[in-house]
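S.K.: Can you keep this structure in mind? I'll have questions shortly.
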Amino acid sequence: MPLMMSEEGFENEESDYHTLPRARITQRKRGLEWFVCDGWKFVCTSCCDWLINICQRKKELKARTVWLGCPEKCEEKHPKNSIKNQKYNVFTFIPGVLYEQFKFFLNLYFLIISCSQFVPALKIGYLYTYWAPLGFVLAVTMMREAIDEFRRFQRDREVNSQLYSKLTVRGSCFIRTDQLDGETDWKLKVAVSCTQRLPALGDLFSISAYVYAQKPQLDIHSFEGTFTREDSDPPVHESLSIENTLWASTIVASGTVIGVVIYTGKETRSVMNTSNPKNKVGLLDLELNRLTKALFLALVALSVVMVTLQGFVGPWYRNLFRFLLLFSYIIPISLRVNLDMGKAVYGWMMMKDENIPGTVVRTSTIPEELGRLVYLLTDKTGTLTQNEMVFKRLHLGTVSYGVDTMDEIQSHVRDSYSQMHSQAGGNNAGSTPPRKAQSSAPKVRKSVSSRIHEAVKAIVLCHNVTPVYESRAGVSGETEFAEADQDFSDENRTYQASSPDEVALVQWTESVGLTLVSRDLTSMQLKTPGGQVLSFCILQLFPFTSESKRMGIIVRDEATAEITFYLKGADVVMSAVVQYNDWLEEECGNMAREGLRTLVVAKKSLTEEQYQDFESRYTQAKLSMHDRTLKVAAVIESLEREMELLCLTGVEDQLQADVRPTLEMLRNAGIKVWMLTGDKLETATCVAQSSRLVPRTQDTHIFRRVTSRGEAHLELNAFRRKHDCALVISGDSLEVCLKYYEHEFMELACQCPAVVCCRCSPTQKACIVTLLQQHTGRRTCAIGDGGNDVSMIQAADCGIGIEGKEGRQASLAADFSVTQFRHVGRLLVVHGRNSYKRSAALGQFVMHRGLVISTMQAVFSSVFYFASVPLYQGFLMVGYATVYTMFPVFSLVLDQDVKPEMAMLYPELYKDLTKGRSLSFKTFLIWVLISIYQGGILMYGALVLFESEFVHVVAISFTALVLTELLMVALTVRTWHWLMVVAEFLSLGCYVSSLAFLNEYFEHYGYAPSSVGPALRLPTTHSSLPAPCHDLQTSTPGLVLPAEHPAGYGAALDGGPGGYFLSSGHVRPNGAPALESPRIEITSYLGLHQSNSQFLHDAEVEDALPGAKRPAPTATLSLPGLEAYRDPSCLSPASSLSSRSCNSEASSYESNYSYPYASPQTSPWQSPCVSPKTTEAEEGFPRGLGACMLLGSPRHSPSTSPRASVTEESWLGARSS
């Protein structure tokens, strides 16, 4: 609330003294002294305020009374005068980030899975297999959020540290509200007259006065309050209105002001019109989240099937949870890692694109949203236009002047004033004899030079423009402004006005020789081409309003005392008040088709008697308490009769470069563009037509102003009857329609090819965005460059800010920042399209990678009688998800189906993205079927084709799996990049190199890493066309374990040969001690059944057989010792398996198990992965060998371990029938 204004400004120390309350005028302390004296209080107060703000409810807004210089009298406490855009603080950062991450099903699922590994009965493999990927994802997310939060903190600190000190002169100032409503015109504000007349600044704090103001509200165009001074006799009461306010986030022209603060912090108009930023989630992430839930249902169903086929033996619920853990890779945690890293790459590509320089990605989580947009909502001023008006055309009825013929106008103006100056001796220059001016119409047609002179003179006088001169001798090095005094230098002159059109007109008159050099509330001065200064007295001023669509001024020439009434406005209202206007309508149409904003200029000469009569009636109408507005308008209309038409002007609002082709490209891409602006209806309509937002052949329906439900109903019915036409509507009418007919209006508006909303407040812009999201369910994008666009940008699914003349507030609040509107086309059509298609392919491929290995796990468990045994574990699973396959899969972020030039040439390709065909349940199902097919082929191929190498099933299947994934990436890529080739060979090299370090996963199973050959081509050939495989070799046996008595297993081995045991090292990867394992040869018994029920030893049989029938060296299988069967860290040939999971109730042992030992756990003949069935010993065989009998084929024998492959041809013993 301005109280005093000064042209020269105030000294910094004096200003600080008078603006600070007396209780707080103390010497400022620094450093440790400040902390000891006041710092601890500040810290404690801040902490308490934070706790109070959390606990208390939202404060109710009330009207308040503010006393001048007496803060102790104020009943209403002001909130902290700072703006906060941060989402977290020190205490809420970690909980807030964790909540935002784990509210998605994918991350919550992996958290539960990881936590389950702390339960010993559910532990499968190593903890780092689950916690390392989850921790990496959370670390990357927290780091990104911390960086973004720190940037927001820096921006808030920069804004909150700014001081408002620059204003103007003589109790009035001009401000610009472009950061609030988008209007860049300068608005006149005046100080309270009671305080403006005080002789000194210090007197402000010696008077007893207060301001009563209404409660804070959103409306920036209205304010009500009163100023009361109690110590005067009688007390002074002065009403306050919108012209007595200076809102925060507005720009003022010059000078200095002293005012009283009414609203601070979150109660200011700018903050109340700014919505809180929301955490934006991309549509792709939501779709992947739904697919993740579908995969989870498949995971549960598969686990239930496995337990059902197992027969619900023993603690089936524990087995069910173990199966859930085994198949947890159906939902790969690497999905989040790959997508987050891919989004970072997309953002880097956008910022490095040379065709869109200056692009900044501020939100790296939603680049795919640029490829799914259907509605684009854009601001006008500074976004589509350059915010610069240029004078283009002057039409006098019979002659027209354009840009190329402006020098002729300059010549005519110079000649007219030279002739007048020479005839009148310079005393009556610029005027005509009074008597002649009183004639209603000239008898003789005026010359072209005279008509041009009168038109230019009318243009330079009929306006509300104020010239301002820059002073370079400002204090503290800052540029200061002052209104013109007597030094009318042409250098550093700028113009301030309530409309950019008027500035363009005055600048044009200056270019042709007639210059406005000074203006205040009561006078105006012009400078002619010859240097003479003409003075005019402003008698009355009728400002422009949306209702009247015109503005007028009555001036008196101080040299001749001639009184002239000038009027200018829109052609629709001016055509009814001017004479001889037969050419006006046609020429206005011609200029409008060129995209020019037209104004009609007219004049009327008045006698002194006519003016005095008008003034008396006008003053009486203004003092009326009833129907004041109507009476004032009636008096003015009585003066607007039989006016002389002078000229028609055409002004163009310069569009930004390539706006028209960019809008055409977006329209061809299937994107509907809506223009939301706070500017006037006429201006918005003209820009929409000139920018081709509304094509020339497109019909336009201007929604008339409605104030009631009935009017809105009639207008909506009228609009419904029109087809394929653009809609132009004002903010007031929009509010009424949304109040009563929200659904009907949105249904009609969404069918329009283009919509223009003018006079929109920031809150209305955000509301329109939200309504589009709710009623259509489509993705929206908002583009703006001013502070009034921040709410719209934050409410949209994707916000784009343009760094322009209105500051960086919109750019800093947006998700993406560009320098020009034409860059939006490439950002959407090229980068948005590529980001979506790449992420869709990457996400589905990562899920395919998890489905393949889960299918192999299901097949493996089925072979082992549905035992919950892991196929791969430890570094194999981690390596599969990272170094073995991550680089080739991640190289999909470089893939592209078409070149950028083709995407720009055919924007229709963008339409397909809005249908979501790249990532849908159909494409997902196709990838699921491919995954099941490949996983089944890989596992069954390894089991069937390599029957003799069954102990190497882990090495065979895992190698085939890695090679298959590498080949699948190569088959999926559309456009090869050199980094893709590097990724393929790098991953293959990493796998081959790691074989030397993962010996405990391969060498224990008899796998020799160097033996790579053509033997394993068949499984991967069936799973994906090209498929190289491994050739695995067996080692020769070192010693045959005697089978006479189990005591030989553990007794004589300690001192026996070293070949009895195969050591796996001293310490295992999980920290458990290494256990020695006996080498058990699974051999073909050649002994014959003798009468004493004994076998012949191998040596005796071999001596008795011919050499051709002697068996080949047999395979060696390494198994844990007896004491290791119950060790959870013990590794079976395929996995780590505890005694509980192998030899427990969950296994397929039956109660009538026939064996000489009490428990199968104490039997030295049982493999940990074998679940033998009950069988009777054949006659003649020892009872102790009943578990090793063969019935038919060894693959179908319930007594044979799946690990042993004993061919039927090598069995020479007698078989019972």
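Heads up, the Cβ atoms here are built off N, Cα and C, so glycines get one too.
Pasting the feature list from TrEMBL:
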- 75-131: domain 'P-type ATPase N-terminal' (DOMAIN)
- 128-147: transmembrane segment (TRANSMEM)
- 294-314: transmembrane segment (TRANSMEM)
- Asp379: active site, 4-aspartylphosphate intermediate (ACT_SITE)
- Asp379, Thr381, Asp785, Asp789: Mg(2+) binding site (BINDING)
- Asp379, Lys380, Thr381, Glu502, Phe544, Lys568, Arg597, Thr677, Gly678, Asp679, Arg759, Lys765, Asn788, Asp789: ATP binding site (BINDING)
- 414-446: region 'Disordered' (REGION)
- 416-441: compositional bias 'Polar residues' (COMPBIAS)
- 812-1005: domain 'P-type ATPase C-terminal' (DOMAIN)
- 874-894: transmembrane segment (TRANSMEM)
- 924-944: transmembrane segment (TRANSMEM)
- 950-971: transmembrane segment (TRANSMEM)
- 978-998: transmembrane segment (TRANSMEM)
- 1161-1217: region 'Disordered' (REGION)
- 1161-1174: compositional bias 'Polar residues' (COMPBIAS)
- 1196-1208: compositional bias 'Polar residues' (COMPBIAS)
S.K.: Would the transmembrane segment (128-147) count as touching the transmembrane segment (950-971), i.e. at least 3 C-beta pairs under 8 angstroms with sequence separation of 6+?
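M.R.: Contact between the transmembrane segment (128-147) and the transmembrane segment (950-971): absent, because fewer than 3 Cβ pairs are under 8 Å.
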S.K.: I need the least crowded one of these binding-site residues (Thr381, Asn788), counting other C-beta atoms within 10 angstroms of each C-beta.
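M.R.: Each of the binding-site residues Thr381, Asn788 was scored by Cβ atoms within 10 Å; lowest is Thr381.
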S.K.: Under an 8 Å Cβ to Cβ limit, what residues of the same chain, 6 or more beyond the ends of the transmembrane segment (874-894), are close to it?
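M.R.: Distant contacts of the transmembrane segment (874-894): 125-126, 128-129, 132-133, 329, 332-334, 338, 341-342, 345-346, 838-839, 841-842, 845-846, 849, 853, 958, 961-962, 965-966, 969-970, 972-973, 977, 979-980, 983-984, 986-987, 990-991, 994, 998, 1001, 1069, 1136.
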S.K.: Restricting to the same chain and to residues at least six past its boundaries, which positions have a Cβ under 8 Å from a Cβ of the transmembrane segment (128-147)?
M.R.: 88, 93-94, 97-98, 101, 107, 110-111, 113-114, 117, 333-334, 336-337, 340-341, 364-365, 873-874, 877-878, 881
S.K.: Express the distance between the Cα positions of Arg597 (ATP binding site) and Asp789 (Mg(2+) binding site) as a whole number of Å.
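M.R.: Computed Cα spacing between Arg597 (ATP binding site) and Asp789 (Mg(2+) binding site) is 25 Å.
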S.K.: Return one of helix, strand or coil for Arg597 (ATP binding site), based on DSSP.
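M.R.: Assignment for Arg597 (ATP binding site) reads strand.
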S.K.: What same-chain residues lie close to the transmembrane segment (978-998): Cβ under 8 Å, and 6 or more beyond its ends?
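M.R.: Long-range Cβ neighbours of the transmembrane segment (978-998): 875-876, 879, 883-888, 890-891, 894-895, 959, 962, 966, 969-970, 1009.
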S.K.: Need this for a regression test: recorded positions Asp379, Thr381, Asp785, filtered to those with Cα within 10 Å of Gly678 (ATP binding site). What's left?
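M.R.: Checking each Cα against Gly678 (ATP binding site), the hits are Asp379, Thr381.
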S.K.: What residues in the same chain, six or more past the boundaries of the transmembrane segment (294-314), come closer than 8 Å to it by Cβ-Cβ distance?
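M.R.: Counting only partners 6 or more residues beyond its ends, the transmembrane segment (294-314) has Cβ contacts under 8 Å with 105, 109, 320, 323-324, 327-328, 330-331, 847, 851, 854, 858, 861-862, 865-868, 921, 924, 1144-1148.
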S.K.: Near Asp789 (Mg(2+) binding site), which of the recorded positions Asp379, Phe544, Arg759 can be found within 10 Å, Cα to Cα?
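M.R.: The recorded positions passing the 10 Å Cα test are Asp379.
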S.K.: If one measures from the C-alpha of Arg759 (ATP binding site) to the C-alpha of the residue listed as 'active site, 4-aspartylphosphate intermediate', what distance in angstrom results, rounded to a whole number?
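M.R.: The Cα atom of Arg759 (ATP binding site) is 11 Å away from the Cα atom of the residue listed as 'active site, 4-aspartylphosphate intermediate'.
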S.K.: Give the number of CB atoms, excluding that of Arg759 (ATP binding site) itself, located within 10 Å of its CB.
M.R.: 22
S.K.: What is the Cβ neighbour count of Asp785 (Mg(2+) binding site) at a 10 Å cut-off, with all protein chains included?
M.R.: 32
S.K.: Between Thr381 (Mg(2+) binding site) and Phe544 (ATP binding site), what is the CA-CA distance rounded to a whole number of Å?
M.R.: 20
S.K.: Out of Asp379, Asp789, give me whichever of these recorded positions has the highest number of other Cβ atoms within 10 Å.
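M.R.: Selected residue: Asp789.
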S.K.: According to DSSP, does Arg759 (ATP binding site) fall in a helix, a strand, or coil?
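M.R.: DSSP assigns Arg759 (ATP binding site) to coil.
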S.K.: How many Å separate the Cα atoms of Asp785 (Mg(2+) binding site) and Phe544 (ATP binding site)?
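M.R.: It is 26 Å, counting Cα to Cα.
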S.K.: Applying a 10 Å Cβ distance cut-off over all chains shown, what neighbour count does Gly678 (ATP binding site) have?
M.R.: 29
S.K.: What's the number of neighbouring CB atoms sitting within 10 A of the CB on Phe544 (ATP binding site)?
M.R.: 21
S.K.: Grab the pLDDT values for the domain 'P-type ATPase C-terminal' (812-1005) and give me their mean, rounded.
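M.R.: The predicted confidence over the domain 'P-type ATPase C-terminal' (812-1005), as a mean pLDDT, is 87.
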